[in-house]
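First comes the structure, then the notes that go with it.
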Amino acid sequence: MMPTPVILLKEGTDSSQGIPQLVSNISACQVIAEAVRTTLGPRGMDKLIVDGRGKATISNDGATILKLLDVVHPAAKTLVDIAKSQDAEVGDGTTSVTLLAAEFLKQVKPYVEEGLHPQIIIRAFRTATQLAVNKIKEIAVTVKKADKVEQRKLLEKCAMTALSSKLISQQKAFFAKMVVDAVMMLDDLLQLKMIGIKKVQGGALEDSQLVAGVAFKKTFSYAGFEMQPKKYHNPKVALLNVELELKAEKDNAEIRVHTVEDYQAIVDAEWNILYDKLEKIHHSGAKVVLSKLPIGDVATQYFADRDMFCAGRVPEEDLKRTMMACGGSIQTSVNALSADVLGRCQVFEETQIGGERYNFFTGCPKAKTCTFILRGGAEQFMEETERSLHDAIMIVRRAIKNDSVVAGGGAIEMELSKYLRDYSRTIPGKQQLLIGAYAKALEIIPRQLCDNAGFDATNILNKLRARHAQGGTWYGVDINNEDIADNFEAFVWEPAMVRINALTAASEAACLIVSVDETIKNPRSTVDAPAAAGRGRGRGRPH
């Protein structure tokens, strides 16, 4: 008699286990790597991605591309997550980390198919990663922070390496200098929020500028603003979160009046409340008034008559950056506008940039903030420029905090590959094969750099292996001359932190995917999702 089958899972649940599902997961990760493979390095190509709403994005950044791809495969999502975490943590190396993770999996795939236990693979990978990280720390070159000129040179080289694979690589020297200037203006915490990036269409890339202070787009203004002065020297700046306009009552207010005089008294009281606020602001000595909330036409004309400048509906982020630069604090009431709460700057002016008008605060006493104003043609191009600058800024921040650098262009990967290959020959058993596979996987970076530039990858990798075997630690791919070169001498530098982070994240992701022995897909997530989406809409009561 047949035993009754026990049904644990809901009908329609898709469950796959054993070696076939693990191989399937590894193959899914290869597909993700294929999507970003060609974007690596200075000769990398760009991707044009159009989302569901028809918005086009041109990008070369691994994390941006993977975010825009709607990945549904659960194992492949792991690679998307490590690219995002690399972007958040160090800013650059997002394509490298995805390629490394996929290549690690590709190298262990034959061992998995032969039935090697995943735990043996994981143990070997953890050993190899630890050895590789220690080796990077050992050979990384430290630049002394005391020597400001040397440190600045190092930071510019790191920024140029980060920008060399981007759309704006032709202007990398121009932007690298701007990026280093920007990060140097920040305080010791190096808060990214304190660097504003504003995009103005039109003009050439070289028209982009860095403002040592705050700049933001002119807000919507009411009639009367054209009478206000557009430039002040040493003004006091009032930063408010107060509405300065007459408005209908927000709540259900009810006023009962019996005579015309009663009504007039109410109207007068409303006007008096507004004028009282305006007078207090005027008497505080402030010449520039910024508010997060609207400043109406009456207030605009009142300030114009008294040679004051005002701007309402200023974005909160810009208001906070103005406060950080000019000092003072944001007030929610006008009753205590003393000198302590007002900000100051040397020059405030409103300037035309392209087709837009911008408000500039420069010469700020606490200038721990700055603003990039980017110029350029197409909107997508400027968005990609912003992403490229973000990567370069993150790299420079990392280089300031961790002042050790390694050579890029596949040099560090080749050195680690040689080191791990040599190490693997000293140990017996399966670990030897697996650490050898890890070492081979590291060669994907220089190989892909060659492929993307159209070089003969096999030939160049043979030269690199030979040179590293002779002790040429920093030899990597020379993109300009289709050969190998000492990339440290060529100033292809990047913070050691970027490589350490990429290796550990890629190795962890590979271990995570190898350690999964069963994939269970719940049917609810696929069947019920579209139905649930329409549920929240009100359909009105049937009459």
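Cβ coordinates are placed from backbone N, Cα and C, and glycine is handled just like the others.
Remember, predicted model here, so these are calculated numbers, not experimental data.
Copied from Swiss-Prot, the annotated features are:
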MOD_RES   Met1  N-acetylmethionine
BINDING   Gly41, Gly93, Thr94, Thr95, Ser96, Ser164, Ser165, Gly409, Glu494, Arg499  ADP binding site
BINDING   Gly41, Gly93, Ser96, Arg398, Gly409, Arg499  ATP binding site
MOD_RES   Lys67  N6-acetyllysine
BINDING   Asp92  Mg(2+) binding site
MOD_RES   Lys250  N6-acetyllysine
MOD_RES   Lys320  N6-acetyllysine
CROSSLNK  Lys430  SUMO2 cross-link
MOD_RES   Arg535  omega-N-methylarginine
Query raised in the report: What is the separation, in Å, between the Cα atoms of Gly41 (ADP binding site) and Gly409 (ATP binding site)?
Result: 8
Query raised in the report: Could you state the CA-to-CA distance between Gly409 (ATP binding site) and Glu494 (ADP binding site) to the nearest Å?
Result: 10
Query raised in the report: Reduced to three states, what secondary structure does DSSP give Glu494 (ADP binding site)?
Result: strand
Query raised in the report: Can you tell me how far the Cα of Lys67 (N6-acetyllysine) sits from the Cα of Lys320 (N6-acetyllysine), in Å?
Result: 29
Report task. Take the C-alpha atoms of Arg499 (ATP binding site) and Ser96 (ADP binding site) and report the distance between them in angstrom, rounded. Result -> 9
Report task. Please name which of the binding-site residues listed here, Gly93, Ser165, Arg398, is nearest in space to Lys320 (N6-acetyllysine), Cα against Cα. Result -> Arg398
Report summary line: By the 10 Å Cβ-neighbour count, the most surrounded of the recorded positions Lys67, Arg398 is Arg398
Requested in this report: Rounded to whole angstrom, what's the largest C-alpha distance between any two of Gly41, Gly93, Thr94, Thr95, Ser96, Ser164, Ser165, Gly409, Glu494, Arg499, listed as binding ADP?
Outcome: 17
Query raised in the report: By the DSSP assignment reduced to helix, strand and coil, which category contains Ser96 (ADP binding site)?
Result: helix
